Amino acid sequence: MPAFAVAVLRGDSLMGTRQLLQLVLLQAAWEVGSGQLHYSVPEESKHGTFVGRIAQDLGLEVGELVSRRFRMVSSSTGGGGGGGGRRDYFEVNVQNGILFVNSRIDREELCAKSPVCAVHLEVLVEKPLRGFHVEVEIKDINDNAPVFSVNEQNLDIWESRSLGSRFPLEGASDADIGTNSLITYRLSPNDHLSLDTQGNHEKNKPPELVLKNSLDREESPVHHLLLTATDGGKPELTSTVQLVIAVLDTNDNAPVFNQSVYEVHLLENVANGTLVIKLEAIDLDDGVNKDLSYSFSNVVAPALKETFIIDQNTGEIRLKKKLDFEDVNLYETQVEAMDKGHPPMVGKCTLLVEILDVNDNPPEVSVTSLSVPVLEDAPPGTVVALISVSDKDSGDNGKVTCSISPRLPFKLLSTFKNYYSLVLEEAVDRERVSQYQLLITARDEGLPPLSATSSILVPIADVNDNAPAFPQPVYTVFVKENNPPGAPIFTVSAWDPDLQENAFVSYSVVERSVAEKPLSSYISVQSESGKLYALQPFDYEELKLLEFQVTAKDAGLPPLCGNVTVQVFILDENDNVPIVIRSWAAAETSPLQLVPVSASTGHVVAKLRAVDADSGYNAWLRYELQEPRSPAVPFRVGRYSGEIRTTRPLDEADGRMQSLVIVVKDHGEPALSATATVSVSLVESAQAGQSDPQETGVSEGPMVDMNVSLIIAICSVSSLFLLVIILYIAMRCQPDTALMYSAGNHTLVCASEVGSWSYSQRNSRNLCVGEAAAAKNDLMVFTPNFPQSIENGAGETQLVALPQSSPDWFWEAGGTAQSQGAIQLLGSACTAHWPEIHASDPSPPSSRVRNTCIRSFPSQFKSQKYMHQILPFPVQEFNTLSHSEMSVPSSPFPRKNTCRADRK
């Protein structure tokens, strides 16, 4: 608890030891009751008079007063009905923290007749922002002497007045309060009149003269007396008035009121013309001497005469002007009843009109300090503003409660009477709400209650609390090989919900090695736009997939980052010429193939083999016999097998030697080709049998060894990858032996003996292979660059399964598969088994073709345009197929989260 401050009194002569002890006890009681810092100081104290050590009592360090911007304002006075306006009565020495008197304080000017007079001070410090309330009570001193309204009072007394008659006098007034304002009177010595001072001293009843001996006008027509008024202060102050008493003859009875003091209570909102009271006096005289007229005393203040009006004949007092409790709450006046005798006699009474308060003043709200904007990471309890409320009414009408709009992250804390702190109740997020409009409502406890509002705008300041985010975690990009260097291939974009530099995003590529080269030699990104550039042409034969990460970083402090994975699939182009791999293909002269003259139709003369470094459709080779020199050449070459066979029995007319030029072409656009020349010699059967193994059986040992090694390597890699896929499927799929798929982010990518194929679409599915599906050679999974929120509908995935003759053919098809890359990849899948079929049967039946290719096509590819690019047989053969052979039954898999396997 802070130490109590005791005011230094001006002069030891003004107050004794007993009064000082009472002041200290009163100060302690006030502190305990009010719960706030309280001082007291006598009025009229000199400039610089010590009031208290305010810094010490508030628990503040004196050395911090300047740095924390210690300041003090006089907010209001505690007494009602006072005036004087706002002045700097007190000041604080920031060097020692002492509160002292700054200017002259006149309690009567400040608080008028209020019993309690106090000055309320508001003390504010910063770092952190805090407010304190200090109350300085102004103690009354006896600095005002009693005052009479006139210097001389004239009083007429009839000589016939009986002993004991009373004559009211106009009393004195004292601007002080308490004992300092209690007035006692004494009369100068005389033989006829005495002074009656008994009565209600608290209300300063006017003095009365009492006739103790009969008056004789002929003996003494005029009596001059001195009336002295003395207050109850220490030291006492006095004032005198000269009494001139004229002894009159005749009318010797004055009017008398039935009460000496009348008390009336009026609500401040009563209407004009309302009857306040009806006064009635009695005069014992008869005739004209008892006719009375009523009037206010001549010493009544002009403000009272402007407020009330009295009827001279009836004694009724009515309201003339609207009342206001906040201006004047008590009216005191003297009313006279004068008879019409000669001379007239006057009777007087005191009228007290107390004004009762009504709730006619709404509260007032004032924001004394506002600290905005508020950082969005500010902790709960942060002080945003200091608010004070007030109400001019009194009692319950002046009690004010304060509240704010509900469902907001702020609350009001009451620091002391009518003072509140607006603090942060919970964390705020600028990205959710950028500013708050607070409505402060102050409501009193009157009936009906009145309220007032004040609006406060609290903006929220941004902090860097959001990292840049990409709309999806992985982007998939398809780029053809041999692309021009420096050309843009894709654009990534990230979004940061923060503001200004916290939302400025720059892009960079996460460096790593690709094929023993830095990634920066392949890809670059424009830091501001996120546009990706290919710095060099890609070669599908060297690099099929380029996967890297792009980082988006904002410019906040500290900066925040977000990453996205970019998968660049390189699409193959037909840029490699077929190469004949037979050892004699590189010889300077064509080899000689011996054919017996007796060879029958279909006899195998030789078999060519060629390879193409491309893949898929571009690596699919066909063999043709160049235009023969003679139309009767008895040889043909297998379109896909490369076998040279006889077309009819041979005879001597065919010639002993023939040279065949074989053209090897791929299916690329444009097609690339290579040639090989084979010389054929007709011999007798015995010679052909001896030389054929020598000439046709060219050593295939190295090729067989190479193929075996290649098959072992491919099988090992495929088996390992297949094991990973099986484990992944086992964790993701339900324990069902049927083929199932569900909504997800992946797309199936497969490969076969003659090439690979992959496909991305808008709505992808997770493919789960159960027991009914055969193992693939290899499998890749990638994420298509489309949002996950696309609803089912147009472009929904169809899952197509081949018949049991080719159980390892599965793909997904959709509305975007008509791209050139997808046609290439689907063509590779279709041609996987075509060489085997065509080798065993140069003209396979259409049903067999349907089982291998047509029935496995999605419906959107069943046009002559796409079949011409994909099917391994000429368009003419495709045109001969019947419409029924081309039709594909609708997919047996429902378009839901599960599907069943087609087990034909």
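Any Cβ shown, glycine's included, is placed from N, Cα and C.
TrEMBL annotations: computationally assigned, not manually curated.
Database features, via TrEMBL:
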DOMAIN    40-148  domain 'Cadherin'
DOMAIN    149-257  domain 'Cadherin'
DOMAIN    258-365  domain 'Cadherin'
DOMAIN    366-470  domain 'Cadherin'
DOMAIN    471-580  domain 'Cadherin'
DOMAIN    595-695  domain 'Cadherin'
TRANSMEM  708-730  transmembrane segment
REGION    884-904  region 'Disordered'
Inset, instruction - Check the domain 'Cadherin' (366-470) against each of 40-148, 149-257, 595-695 and return whichever range has the most CB pairs under 8 Å. - result: 40-148
Inset, instruction - List the helix, strand and coil residue totals of the domain 'Cadherin' (595-695) as derived from DSSP. - result: 18 helix, 41 strand, 42 coil
Legend entry - Within the domain 'Cadherin' (40-148), residues counted as helix, strand or coil by DSSP: 12 helix, 40 strand, 57 coil
Inset, instruction - Mind pulling out the one from 40-148, 149-257, 258-365, 595-695 with the most Cβ pairs under 8 angstroms to the domain 'Cadherin' (471-580)? - result: 595-695
Legend entry - Stretch-averaged pLDDT - the domain 'Cadherin' (258-365): 90
Legend entry - Residue counts (helix, strand, coil, in that order) that DSSP gives for the domain 'Cadherin' (149-257): 7 helix, 47 strand, 55 coil
